[in-house]
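Features reported for this protein in TrEMBL:
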ACT_SITE  A:Tyr168  active site, proton donor/acceptor
ACT_SITE  A:Lys196  active site, schiff-base intermediate with substrate
BINDING   A:Val239  pyruvate binding site
Protein chains: 4
Amino acid sequence: MLGRGIWSSVRQGLSRGLSRKVGAWALGEGRRVDIAGIYPPVTTPFTATAEVDYEKLEENLHKLGTLPFRGFVVQGSNGEFPFLTSSERLEVVSRVRQAMPKDKLLLAGSGCESTQATVEMTVSMAQVGADVAIVVTPCYYRGRMSSAALIHHYTKVADLSPIPVVLYSVPANTGLDLPVDAVVTLSQHPNIVGIKDSGGDVTKMGLLVHKTRRQDFQVLAGSAGFLLASYAVGAVGGVCALANVLGAQVCQLERLCLTGQWEDAQKLQHRLIEPNTAVTRRFGIPGLKKTMDWFGYYGGPCRAPLQELSPTDEEALHMDFSSNGWL
Amino acid sequence: MLGRGIWSSVRQGLSRGLSRKVGAWALGEGRRVDIAGIYPPVTTPFTATAEVDYEKLEENLHKLGTLPFRGFVVQGSNGEFPFLTSSERLEVVSRVRQAMPKDKLLLAGSGCESTQATVEMTVSMAQVGADVAIVVTPCYYRGRMSSAALIHHYTKVADLSPIPVVLYSVPANTGLDLPVDAVVTLSQHPNIVGIKDSGGDVTKMGLLVHKTRRQDFQVLAGSAGFLLASYAVGAVGGVCALANVLGAQVCQLERLCLTGQWEDAQKLQHRLIEPNTAVTRRFGIPGLKKTMDWFGYYGGPCRAPLQELSPTDEEALHMDFSSNGWL
Amino acid sequence: MLGRGIWSSVRQGLSRGLSRKVGAWALGEGRRVDIAGIYPPVTTPFTATAEVDYEKLEENLHKLGTLPFRGFVVQGSNGEFPFLTSSERLEVVSRVRQAMPKDKLLLAGSGCESTQATVEMTVSMAQVGADVAIVVTPCYYRGRMSSAALIHHYTKVADLSPIPVVLYSVPANTGLDLPVDAVVTLSQHPNIVGIKDSGGDVTKMGLLVHKTRRQDFQVLAGSAGFLLASYAVGAVGGVCALANVLGAQVCQLERLCLTGQWEDAQKLQHRLIEPNTAVTRRFGIPGLKKTMDWFGYYGGPCRAPLQELSPTDEEALHMDFSSNGWL
Amino acid sequence: MLGRGIWSSVRQGLSRGLSRKVGAWALGEGRRVDIAGIYPPVTTPFTATAEVDYEKLEENLHKLGTLPFRGFVVQGSNGEFPFLTSSERLEVVSRVRQAMPKDKLLLAGSGCESTQATVEMTVSMAQVGADVAIVVTPCYYRGRMSSAALIHHYTKVADLSPIPVVLYSVPANTGLDLPVDAVVTLSQHPNIVGIKDSGGDVTKMGLLVHKTRRQDFQVLAGSAGFLLASYAVGAVGGVCALANVLGAQVCQLERLCLTGQWEDAQKLQHRLIEPNTAVTRRFGIPGLKKTMDWFGYYGGPCRAPLQELSPTDEEALHMDFSSNGWL
């Protein structure tokens, strides 16, 4: 683990040169960082022997860096963060910081199961260059993760984080849907700037936008499958696994939505649903990485216990792209 | 039950004067009935002794008839159809037919558990004046309701129905989500014209629109909570419990969507989410009927085992409307 | 449907000659009917044209009648009751009454969605010869089926039933697990004598036995898969689909449990689990009926939308019996 | 994290003095370690400032050590292992090893999300004194955790573990139920000696015993709520949170089962269900620790985000014990 004492870490984090990324909150400007836009949740490349392949990571970043993304999410669920050691998690963020264009945002996943570990990881993420921390709900004790417990957890993290915090709800992985009332309460915290919601429930997303309208709180869609619908109800962007392979198209969908070209947006959205499902719910990260190989990025293997796709699955994956005109 | 022999019923249905509502399909015109628009799923009023109150039903219809709905859904889930006898189900449809404006569509829920009973009920619904049959998925044996079984069921019903059929998926009640592949197959049937989907998964709804785009197949949102998002992905209307009390507002939301006024649409949509949830998932039909009483319609009691709201629940229900400016 | 007025039906039911089956409750003896033992939930045979085949039903009953069952359950979930008309439901019960040995109990499923219809059906079941009514939880509006609603429902039914009532919880079909607190409250009703619990949660079953120990309340396991475990925690019998084909073996398991031969009981129980799962969760009623054909009973087709097994499924079903030495 | 290279760790683990605990497998004796019996899953005590309180841990162990347990499980779900750093996890095991009686077994939870980390942790656990590794299913990517993936994961871990491995399925925490077919395959691995199943599905448990009967594979119940039923279907013991407070009673229940005193066993089992549910599903680890305070052990606070019980919850917890005669 990172340090012996959380408080010393926090103190170090606050005293060290965090000036670059110290946002509106710390400076008391009263305006939050603008996170609107599209982000690919970057995958973590591994070598054949399951070591992190930092060179391939940088190569991917250089390619992705030419697209009009707002920034990059590192160690969202697609980054296989539960399979990385703490030092790997930090090293990956550090390398992405170096490899990515200076004008883009780096959102780093810093969620751990305990509040203490999450605070430490968040501080460390800031130290290695993250602009924003994106914090998944703790979930192993989901039966006890009441709104009160989650509010307590995120408040502590946001209080101690030197960088702005984005909430992250991803029920398919955590078995836990961050409740509306908890989000509304947390939206009032000056250092919590938004939420990435991967649940796909646009009724909930619309309600979040509505009930946080006085808080300058920003909602990001957690998937390209419901990106258009999310914009329609007031989301300001998306973190989309599919953007790792069809990045230009996802950004085009964003542009069509922002400029009110809803008919063209709808046509494009339709063609992205099956490919999106294929690289998320249907075939998971193995599917995403396989597709990256097809689209000129480095995908490579996952760490175990994630398994390679079977030939049959690979064929079905290919069909999900080709039948929509992308391969 | 309705008759002794399904085949004699069907034959009668086909021979009797069904000409008024015999649609495009029977006439071989090659165009399907246009079901685009907003529909309230009409509630069934009961007296204090739990008899169907047909007078109150007609009064409600007269009031609802002044709004720019495309038509009415009778015996959707909000109609308490599982609590009605077969003859009550038919009598309610018959009364609505009489009480409603002639130029509007009458969609009647005719789903039963068995294929045979569903066919009989569908034929009978046509006989008493339904323009379209809306057929909920059978669900008691949901563990065996594979796509193949559902395709078989709906194909049989559509083959024998003298009126067009709309599929109806409502997982909150049935525990069953009509799968995309089954819907896509069924969309090719000349007498199946669309689906009412109450699941709220707009990714699925967008995919349904996309994969049936060559079939002139129409998707209706099953709730006002995701109506805007549904329009954004290609739905053509909605069956909205909330339209029983905020009918003008739901129709206004439709108009804003259809005319591309997305910003205003979004604002209006936002204010409808909590009231919609209140009269559906949160407080159910007892909540809807209580609200109808507030808005000048007859709500009245539900049949048992549905219970009246507690005073606390009633207060929360009121708040969901008042906090959004509707009461 | 049954009649016009519930109250007239009830009155008729109470005044007509129900003396044979009027149990301890009506007689004020203070002892409840003893329902301990094994029951097959009888299937409803259909002809090739999907009519109820009453002859085959009687033939099956004659064969089953030679086994040491406590009685028969008619129109449990395996009876395809949701596919029968009201008159078919009653006629089936009536025929079973005639065909079965006089000294055995006839438990008839009388659950409907509305309280009123359930009361009417229960009264009618009594009139055609049922000894006990077994009443499934209403479920279409499961989101509103709080303990309070369920207590209200069952109390009304038990108040008006001329025969004792058994609660019936079958979450796989209803999506609803009758809560412990509701059962405990209902166990105090003098006309509610027990519960058939098909959920398979023996912790819950043990707790039900414990918390109703002063009420002379009887718990029946709803499946042969956990029959031994149920006896171990205090159940007094079981309603077991598997008893339609391996009736002697299920009764033998009962005897081994009752006489404390737990080792032999365990061995037998083990060999019944896969066959039991095969004719319930895995292949449903089509699997049960196919197996009946193999074991010398009439199985025959199910009503649509239930489908026949595929050859592959049939092979797997056969293997589940043969690999345990039963075929 | 533990080391740089998994293989060097493994090699070290195998060469270092693991002789004490190298079991039957490594010695090629052909007999597996006997894990039959009752185990409390030891909680991790924390100070008021959320540091691990090793003294209190040792005090608890000294008290628990006087009871006729087969041994102790350290870092099961009740050990808050997801909240501990790797070094804390190892230190806790090491301290328990010192504090516990020499003749008892130490089962240490070594599951991590990645296969590699799980192998490393398992090796390290062996190094600090664990007799057996108990390995929870990885779960963050549960959508991809097919039987094939899980078999691959556990096979790798068991291949490289210097100590015997016990599978651990706990759906309430992981959202994943280790499937029967995977367990049956894994039961053939010479270094996999059993499973701790906390799902409470005794039908599954019976089937596991049945289908692994030629493998000398041992099934442990994961909770005291279904301990009697588990013995009845062939389990050989239990890992029971409740044994942290009612250890003598849980051991007595074991003895009653093993000596065939089923009636007394049933009575005792009944009185343990509510207390058991209270310290597990209902109030979780905060409930368990609060109860430990009442029963003369050190419970103390949990690490955040787990919250203290409210006074109302505490009262309900007390009632669950007092109403059954334990307080």
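The backbone N, Cα and C atoms fix where each Cβ goes, and this holds for glycine too.
Note that the structure is predicted; figures quoted are calculated from it, not measured.
Positions of the features from TrEMBL, shown on the structure.
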residue: A:Tyr168; record: active site, proton donor/acceptor; DSSP class: strand
residue: A:Lys196; record: active site, schiff-base intermediate with substrate; DSSP class: strand
residue: A:Val239; record: pyruvate binding site; DSSP class: strand
(request) Please compare the recorded positions A:Lys196, A:Val239 by how many other CB atoms fall within 10 Å of each one's CB, and tell me which has the fewest. (result) A:Lys196
(message) Rounded to a whole angstrom, what is the C-alpha distance between A:Lys196 (active site, schiff-base intermediate with substrate) and A:Val239 (pyruvate binding site)?
(response) 7
(message) I'm trying to understand the geometry here, so how far is the Cα atom of A:Val239 (pyruvate binding site) from the Cα atom of A:Tyr168 (active site, proton donor/acceptor), in Å to the nearest whole number?
(response) 11
(message) So if I draw a 10 Å sphere around the Cβ of A:Tyr168 (active site, proton donor/acceptor), how many other Cβ atoms end up inside it?
(response) 28
